[in-house]
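Asker: Provided herewith is a single structure, encoded as structure tokens, for subsequent inquiry.
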Amino acid sequence: MPGPEATQISAFTAAAAHALCFASLAVAHSLAGRGALGSDPALALRLLVVCEAPVVIAVYSYLRRDARSCSFFKAAARGLIGLPVGAFLNAFGAIVLGAPVGIKYWMTTIYWSLLMSLFTFVPAACVFGSSKIDWQNVLSHSIYFTPTDVENYMISAPCHGAVLGAWIGAWPMPLDWERPWQEWPICVSYGAVAGHLVGMAVSWVLIALHKRRVRAKAD
């Protein structure tokens, strides 16, 4: 059920936060140049991480749930700590599922894992810290079926979208089409970014519906 913080973040604030994160991705894409992910994935992913990391950490630290007991800088520190932790978990999961482990792929795997951490782990680390219940809510699919806090919608749907997008993006890798974009982690990165953006849109719709339900109950 929604907590006391559920109505404090408006749909506009949520959309603005996601718009800032999207803008940082767009800036990174512009700096890397069109097709850079295919021609030089290490450079493209590095630029995505460099541009996205400060924005994600700043935005979600500002939206931290425990604002009275946790300062902005403490929340940012949680995000900075969560970045490598989330990267390790994402890299481990990718390798277990078949990602290549040769020296040739180390740098791209590191940058991809850091980007995935920004999509999946860092926002929750900034907002919720080590709250077990909140982390369970982030990982759960129940947000799509039951009312919850605005922060959960903001974090969970883009997180789920990135993971699902990366998984779908990995499907063409073992096929013998011999296309350059089938190389790790190009198609997986395209899928993760696309899924993350779709998740942002889904989360905004869920938040708008949530706000409508809250207003209907108040009336």
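Glycine residues also receive a Cβ, built from the backbone N, Cα and C atoms like all the rest.
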Asker: Looking at the ranges 110-129, 130-149, which is given as transmembrane segment in TrEMBL?
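Answerer: That would be 110-129, per the transmembrane segment entry in TrEMBL.
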Asker: Quick one: find which recorded stretch in 75-98, 110-129, 190-209 has the most Cβ pairs under 8 Å with the transmembrane segment (44-63).
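Answerer: So the stretch in question is 110-129.
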Asker: For the transmembrane segment (75-98), find every same-chain residue at least 6 residues outside the stretch whose CB is under 8 Å from a CB in it, and list them.
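Answerer: Hits for the transmembrane segment (75-98): 53, 56-58, 60-62, 64, 109-110, 112-114, 116-118, 120-127, 129, 166, 170, 185, 188.
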